[in-house]
């Protein structure tokens with residue numbers, strides 16, 4: 001149950017932007033001459049630990065509010081009563097602390113102490129997504145969080161850590177990673193839309209409604225592939241990443257036609273896997 005609580009299927013959201021940031025660090029004008037793979041691993045550790053921390057924190061916060069009482073999908077530790085809520089919160093804080101420790105290690109190695117500021121903001125944003133008295137995830141801002149932190153910040157930040165600079169490739173790649181992360185979150189929230197209405201959790205899916213949220217899902221993925229099209233004019237291997245449409249298009253079809261929440265579980269998995277393959281594939285295209 002604790003492994004399920006970590007929501008492993010969401011971890012591609014953490015892996016993809018770090019891969020893209022690393023790929024961008026190997027693109028012109030940097031050309032990957034001095035990539036420190038220790039820093040890459042630390043950046044990946046930060047992203048993974050924060051993602052897992054967010055997942056456990058959401059489990060705790062939604063559980064104590066009763067939001068997860070009738071949730072479809074993987075069972076929740078707090079909402080199902082399997083685990084003590086305080087223990088779930090403690091585990092979340094441990095992963096946030098691990099992410100912070102990896103971040104401090106990056107700062108010490110690079111000497112870029114100002115990175116402590118965005119790092120602290122990222123941890124606070126991760127907790128207050130569903131934590132605190134007024135969680136912004138309950139007011140339709142979840143997609144803003146994932147776009148910024150699991151898109152732009154994670155991608156551009158990785159490139160900066162490796163090169164002490166950034167390029168437009170990292171920015172474009174960050175937009176693509178953030179858009180796919182938004183699509184994953186949207187698929188999740190479309191699945192839970194009726195339960196969230198009852199719990200008064202006003203996600204963007206709830207605010208847009210069934211039709212609008214499904215269109216938004218397609219738009220998010222379209223943005224990612226529009227970025228890929230743009231980069232295809234600059235990097236000869238980038239068009240190969242369009243093979244991920246073999247996963248993305250079925251996900252869109254499911255989201256647009258699903259009648260029951262359970263049908264959307266497959267779309268969620270497909271979109272998450274799309275993000276992983278898209279990120280790793282485009283990273284390789286940028287590097288080579």
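A Cβ is built for glycine as well, from the same backbone N, Cα and C atoms used for every other residue.
Residues or ranges marked as transmembrane segment in TrEMBL: 36-56, 88-107, 113-129, 136-159, 171-191, 212-234, 240-258, 265-287.
Of the two recorded stretches, the transmembrane segment (212-234) lies close to the transmembrane segment (265-287), with three or more CB pairs under 8 Å once pairs fewer than 6 apart in sequence are set aside.
With Cβ pairs under 8 Å as the measure, the transmembrane segment (171-191) is packed most heavily against 136-159, out of 36-56, 113-129, 136-159, 240-258, 265-287.
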